[in-house]
């Protein structure tokens, strides 16, 4: 019997608010940062199920602002939680001259400043092989993925067995995908396959590129990676422009009972590119999950 004590969990109550201090900030590129927040003790884990996310809350200019983010750290990391966030600055995008309230607030935070966290939140729960009983592993050996999805926020999660996860991500929509990719590939018992189409504006905007390409190299038969750029450089060997039906057909798993396509990114990617093309190719609603 394993007598090792479980690590203390930060997010004990999904309705409570937890003030966590900023302990580190790293500039990833011109508009993206990694924010590291400290947990109550060096032994604490966040306590976030894989597939879930957190809400950050702050009072900004007399408004109580709430935004959802998926940590890129996991419950293997003790004492901290990492978020990768794109900063929407003022006077950059013509449609949003004021920029992003929460992201600019985070950008101005100093080390030691606190912000409120709430969670876990989410409709998708991933549990792969290796974390089940041996009997359950044997029963599900033909279906390596083990997912549960809530159809609505208040409904009970329904189990779905998945062999192949397809992923369409745009910009910082990579964070929930990275959470899953890391979790699956670090568990040698989990044979779930993954294929990712990652859309960005420019090559410089590709977040976590080095890590993604390293995983693709070390897990050749498990993880396939493909990029598309709005403004590709000369000699670019991947795709350019919006995600198309042909791109999906070529780089993601075909429709099937044990296929699930995950989508996360800006509204244009979801509504104009991903959903219409997936439907055109015969993916049914139960084969698509949008964050």
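Yeah, the Cβs are placed from backbone N, Cα and C, and that goes for glycine too.
Copied over from TrEMBL, here are the features:
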DOMAIN    15-127  domain 'FAD-binding FR-type'
BINDING   67, 69, 84, 86, 89, 101, 102, 175  FAD binding site
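Feature annotations (TrEMBL) mapped to structure.
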residue	record	Cβ neighbours (10 Å)
67	FAD binding site	16
69	FAD binding site	21
84	FAD binding site	21
86	FAD binding site	17
89	FAD binding site	16
101	FAD binding site	15
102	FAD binding site	19
175	FAD binding site	22
Per-region confidence, the domain 'FAD-binding FR-type' (15-127) (mean pLDDT, whole number):
95
In terms of DSSP three-state secondary structure, what is the assignment for residue 69 (FAD binding site)?
strand
DSSP on residue 86 (FAD binding site), three-state: which is it?
strand
Could you tell me which three-state DSSP class residue 101 (FAD binding site) falls into?
helix
Can you check what DSSP calls residue 175 (FAD binding site), collapsed to helix, strand or coil?
helix
Over all pairs within 67, 69, 84, 86, 89, 101, 102, 175, the annotated FAD binders, what is the largest Cα to Cα distance, rounded to whole Å?
20
